[in-house]
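Undergrad: Reproduced below are the annotations present in TrEMBL:
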DOMAIN    8-327  domain 'FAD dependent oxidoreductase'
BINDING   45, 46, 168, 185  FAD binding site
BINDING   229, 284  D-dopa binding site
BINDING   313  D-serine binding site
């Protein structure tokens, strides 16, 4: 190639892809990053997420890795939430409350990697809901992809990166055009990378307006693909929802919609006066053996592919930390001697 810059392509424009692209463009010297996707925000799986930092899924992934990636993301969101860019980026500080009608003998697995967890007294739990007798609280953040993705896309462009609408069918051909390929295609990696271990996990939620909800509230249910949660947002509140492993149907199920609305109104009566903005169904990209974040040398004799997919329902919670590891692997793959200091 005639260019003296390292040409990097990131395939996939969801929260994983865009965060990798931005970190690569701003932290590596002498690079040109291009994001390539057949679709962009607001038409992505990421866009429907309520955006709560809560690394609850990505089963099969090394817990130590989850902790590293989620901690990095938490610190980044904390810094962003306290900055002047918080509203533009769609990032907010929120309190989180998990409630249960049964005694909780230990911290629920869904909260294993959360921070500043506090056990509620019975009285505190009942003040949150009269049917609750136990619960946990902690402080966290929401990072709403519908707002965050346009914001980070513009930051990428201002930093010198670019986006191209193009359907990628073969990673091998990209290796002939670029010096490094980063694969952040989620469920698309089943076809693009030949990964048969990917599994869709169906999630259905309702986006509502017209209600003043200031904290995340969830009712813990055992042994079910459905749990009740309410996620406050800057413009909308997200009501959920389902976690249906292996279900690839992305149509709205009316029965689930009624169940979500009824249970969320029971958990937070003020929602009875809300206005429904939209129903949304998305397919979380789970992987049987956990997140794939590794360098692959099988596509080209000299050009490497870095895979970063399979985040299940923890894409928001892990995106900045996973992107940090992608930058480190890119540095080694391109034989770059140093990394520029990261700027928010």
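The backbone N, Cα and C atoms fix where each Cβ goes, glycine too.
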Undergrad: Would you mind checking how many other C-beta atoms are within 10 angstroms of the C-beta on residue 284 (D-dopa binding site)?
TA: 24
Undergrad: Where does residue 313 (D-serine binding site) sit in the DSSP three-state scheme?
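TA: Residue 313 (D-serine binding site) sits in coil per DSSP, no helix or strand.
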Undergrad: Assuming the binding residues for FAD are exactly those in the record, 45, 46, 168, 185, what is the maximum CA-CA distance in angstrom, rounded?
TA: 19
Undergrad: Going by Cα-Cα distance, which of the binding-site residues (229, 284, 313) sits nearest to residue 45 (FAD binding site)?
TA: 284
Undergrad: Of the binding-site residues 229, 284, 313, which sits closest to residue 168 (FAD binding site) by Cα distance?
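TA: Of the binding-site residues 229, 284, 313, 284 has its Cα closest to that of residue 168 (FAD binding site).
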Undergrad: Identify, in sequence order, the residues in the chain of residue 46 (FAD binding site) that are 6 or more apart from it along the sequence and have a CB within less than 8 Å of its CB; answer 'none' if there are none.
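TA: Spatial neighbours, sequence-distant, of residue 46 (FAD binding site): 14, 15, 145, 149, 315, 316.
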Undergrad: I need the least crowded one of these binding-site residues (45, 168, 185, 229, 313), counting other C-beta atoms within 10 angstroms of each C-beta.
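TA: Lowest Cβ count within 10 Å among the binding-site residues (45, 168, 185, 229, 313) is 168.
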Undergrad: Measuring Cα to Cα, tell me the gap between residue 229 (D-dopa binding site) and the residue listed as 'D-serine binding site' in whole angstrom.
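TA: Each residue's Cα considered, residue 229 (D-dopa binding site) and the residue listed as 'D-serine binding site' end up 14 Å apart.
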Undergrad: Which whole-number value in Å describes the distance between the Cα atoms of residue 313 (D-serine binding site) and residue 185 (FAD binding site)?
TA: 14
Undergrad: In Å, rounded, how far does the Cα of residue 185 (FAD binding site) sit from the Cα of residue 284 (D-dopa binding site)?
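TA: Residue 284 (D-dopa binding site) has its Cα 12 Å from the Cα of residue 185 (FAD binding site).
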Undergrad: Give the mean pLDDT for the domain 'FAD dependent oxidoreductase' (8-327) on the 0 to 100 scale.
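TA: Reported value for the domain 'FAD dependent oxidoreductase' (8-327) is a mean pLDDT of 94.
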